Amino acid sequence: MIGLNTAAIYILQTLGSLYLLIVLLRFILQLVRADFYNPLSQFIVRATKPLLNPLRRIIPGFGGIDLASLVLAILIQLVLMILILMLMGYGVGGFIMQLLIWSIIAVTSLFLKVFFFALIISVILSWVAPGSYNPGAQLVNQICEPLLMPFRKLLPNLGGLDLSPIFAFLALKLIDMLVINNLAAMTGMPQQLSIFL
């Protein structure tokens, strides 16, 4: 029985986190004004449409921000946490507000991770395939550009040497360590849910 629960938790976490990532990417792509005609963007739009369209009737966008996809990401994270805790044998009845707070923290952590790994991919592509125009590379660059732009404005021109990714990495890591981890600790997030950070 324990083995079955462990397997169920693994499958639920893997599939749930994958769909959560797709939903959060939908939010990020609209946030950074990415090309929605990109084949990967179109896949993300189609994958999220069944759940997002009904939610959009209740939650409209605001200032160019796709609030419906952000709310959907938080709700998916909340359901994932509830189901995983229940499979572990914990009651969740009196902890819904805490679980909601932990869900927001976890989604924020994933948000930072998307930019972190997009930066890694962007740096690698700039070394091995500079000027590549495949859909994946184009989308990664569009995600990274708004993050790198403020650092490029602050840093001096070093004759083609772009140090902005290094400072962006440091900023993301500091936010993760000083804000996300501390918020999780301050709100008493249990060890069982740290898999989402």
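For all residues, glycine too, the Cβ spot is worked out from N, Cα and C.
Remote same-chain residues near the transmembrane segment (9-29) are listed as 36, 41, 44-45, 47-48, 51-52, 66, 69-70, 72-73, 76-77, 79-80, 83-84, 87-88, 107, 110-111, 114-115, 139, 142-143, 195-196 (criterion: CB distance under 8 Å, separation of at least six residues from the stretch ends). Residues annotated as transmembrane segment in Swiss-Prot: 9-29 (among others).
Per Swiss-Prot, transmembrane segment is recorded for 67-87 (among others).
Outside the transmembrane segment (104-124) by six or more residues, the chain places 20-21, 24-25, 28, 70, 73-74, 77, 81, 140-141, 143-144, 147, 165, 168-169, 172-173, 175-176, 180, 183-184, 187, 189, 193, 196-197 with a CB less than 8 A from a CB of the stretch. Here Swiss-Prot flags 104-124 (among others) as transmembrane segment, drawing on sequence analysis.
Sequence annotations record features per position, and here Swiss-Prot assigns transmembrane segment to 160-180 (among others) based on sequence analysis.
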